[in-house]
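Taken verbatim from TrEMBL:
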- 221-231: compositional bias 'Polar residues' (COMPBIAS)
- 238-249: compositional bias 'Acidic residues' (COMPBIAS)
- 35-131: domain 'PH' (DOMAIN)
- 152-212: domain 'FYVE-type' (DOMAIN)
- 221-249: region 'Disordered' (REGION)
Amino acid sequence: MVDRLANSEANTRRINIVENCFGAAGQPLTIPGRVLIGEGVLTKLCRKKPKARQFFLFNDILVYGNIVIQKKKYNKQHIIPLENVTIDSIKDEGDLRNGWLIKTPTKSFAVYAATATEKSEWMNHINKCVTDLLSKSGKTPSNEHAAVWVPDSEATVCMRCQKAKFTPVNRRHHCRKCGFVVCGPCSEKRFLLPSQSSKPVRICDFCYDLLSTGDMATCQPARSDSYSQSLKPPLNDVSDDDDDDDSSD
């Protein structure tokens, strides 16, 4: 069915509509063989609190962005190649239900659907697209993924030293290797993680010591596969970032 839709006028028209919704700031999405599989609003767990994001699933990429005007205008476009994606279901926890992890080498995060049926459909379609892509390319699934960042609201003190309390002056930072919320003194070092950046990125002292000694296995993202075990509904936060951009600490 995907092959049949690839060069159809209806598919081209749908992709053009998506492009127009992102405007000039978005990247072109129309390429030969690309098919828009589905779209919808999912709740993305950002570092401050859960936020609604518009997602578009194509047969080769996953695209999402901030909702400015529903079905008319989106911004801050993110494009994720599906060949690098793995997904894991998250157990329901409090108000956060019908969720799963989207894991890639560069960025990993949790999303939540409105219903269990919607979650199942999204996960099935994503898995089918990934399987088809890998089958055609002959590549193997990616076994490396970035840590899922622990939301700010889950840490009132540094998750490494367990002493430093976070205040408007003593800011929260995120280790790019384990995803923990840490204080400045516990994350002064930087390390090159090629899958995430071409420049050294902030990591905590614990991960730095393990990476420096080559003990990579011990320094795997600690929460990515059991993320919901301690996940609580985030508290309302006075500050409201647009998204947990890679450039933020």
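Here, residue 1 is simply the first one shown, and the rest follow in order.
The backbone N, Cα and C atoms fix where each Cβ goes, and this holds for glycine too.
Automated prediction, rather than curation, is the source of TrEMBL annotations.
With DSSP classes pooled into helix, strand and coil, the tally for the domain 'PH' (35-131) is 19 helix, 54 strand, 24 coil. Residues belonging to the domain 'PH' (35-131) score a mean pLDDT of 96 in the model.
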